[in-house]
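Noted in TrEMBL for the protein shown:
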type	residues	note
DOMAIN	35-255	domain 'Cation efflux protein transmembrane'
REGION	363-393	region 'Disordered'
REGION	442-461	region 'Disordered'
TRANSMEM	32-51	transmembrane segment
TRANSMEM	63-84	transmembrane segment
TRANSMEM	96-117	transmembrane segment
TRANSMEM	137-155	transmembrane segment
TRANSMEM	201-219	transmembrane segment
TRANSMEM	225-244	transmembrane segment
Amino acid sequence: MGTIHLFRKPQRSFFGKLLQEFRLVAADRRSWKILLFGAINLTCTGFLLMWCSSTNSIALTAYTYLTIFDLFSLMTCLISYWVMMRKPSPVYSFGFERLEVLAVFASTVLAQLGALFILKESAERFLEQPEIHTGRLLVGTFVALSFNLFTMLSIRNKPFAYVSEAASTSWLQEHVADLSRSLCGIIPGLSSIFLPRMNPFVLIDLAGAFALCITYMLIEINNFFAVDTASAIAIALMTFGTMYPMSVYSGKVLLQTTPPHVIGQLDKLIREVSTLDGVLEVRNEHFWTLGFGSLAGSVHVRIRRDANEQMVLAHVTNRLYTLVSTLTVQIFKDDWIRPALLSGPVAANVLNFSDHHIIPMPPLKGTDDSNPVTSTPAKPSSPPPEFSFNTPGKNVNPVILLNTQTRPYGLGLSHGHTPYSSMLNQGLGVPGIGATQGLRTGLTNMPSRYGTHNRIGQPRP
């Protein structure tokens, strides 16, 4: 028999958790409208796919893909409502805002993949053009157009509305904007509709419907079936050109990049923070886009030792919070960090002086202006010495620091104790003393490299 676990919660499956979250979203009345439009979208898409098969029109198929994209946009709107309901958790401390960014990115990429599929099918049809039946072509066009426009104008989709405004304009929007400026020059009242730029989703719906109307007329008049393939290519290119800037923008958000339009504002705020009272330095600043319209960042602030940490933190947060919603500020006080100095006789375990730096003491001044007790000048107006030694200045031992750098081998450098022995024999261990006094240093107690205990000099009597 297995172990009996009392009061153990049953583990839910993935579909059980998904159903629980769906019930949470469906409890909000704002989502009922989205669910209704989603059901209508599925019905219209089913009829349009049947009409595409009966008419054998690839242009109508390309236009039906826009209706499928509307279904993805409705799902993105539901995800946006779910994100607003969920609060940050210990596992997801920044919340779930990036989930709606991922939904926008996935929707636009899938639309571009559909456009590439239409281009591939159109290239095959140019070799052998089939016959197109126009019985349901015009009906399917108006059904798809009316539903797409009604969906885009009735439901406020915040993620796609933000991306369409923040992303760069597509080539279709730029050409339509040029035509709109010329038209508004003749009729100024249309400037509020066509300027500064049209909604890209409404624009592609109207352009696709216009291409299908031209296809219907040319096939009815001249039985020119190749125009159906040309219209499909045009709709696919317009779809790809419209979705590509949005996928690039959402992809940059997923990569945690800094938006270009806020870099100047962030630099200005950092300069203002660096001029606050008590702030010495602002460094390691990093800002990135957390979601659509929300920035996150972290910054290190070095302050004076006598500054109030809480006061500086409040001022820094107040300055940056106007632009950065999620901010992490690390404040540390300025402190003098002095390296550990080794003065006096060298320990017996220091065997390899190639791993140490020998810093000679600076040359001493004349004896007339020096104090015989310390190595500092004996002027009453001079500040107190920072370091004092127990021995006269002429017998000051060298300062030995650990060498953390790796010596490059194979460059013709010697690594034995011969250079150090020759340097000490020449009296270069401490400036200002000869060969006899140069042996009276901290090196007199150091054993040789190969384990012998011969001293490298004789002590002064």
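Using the three backbone atoms N, Cα and C, a Cβ is placed for every residue, glycine included.
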Tally Cβ pairs under 8 Å between the transmembrane segment (201-219) and each listed stretch (32-51, 63-84, 96-117, 137-155, 225-244), then give the stretch with the top tally.
137-155
Which sequence-distant residues neighbour the transmembrane segment (32-51)? Criterion: at least 6 residues beyond either end, Cβ under 8 Å.
26, 60-61, 64, 67-68, 70-71, 74-75, 77-78, 81, 136-137, 139-140, 143-144, 147, 151, 154-155
Same-chain residues at least 6 beyond the ends of the transmembrane segment (96-117) with CB under 8 Å of its CB atoms are 62, 65, 68-69, 72-73, 75-76, 79-80, 82-83, 86, 88, 159-160, 163, 236-237, 239-240, 243-244, 246-247, 250-251, 253-254, 290-292, 294
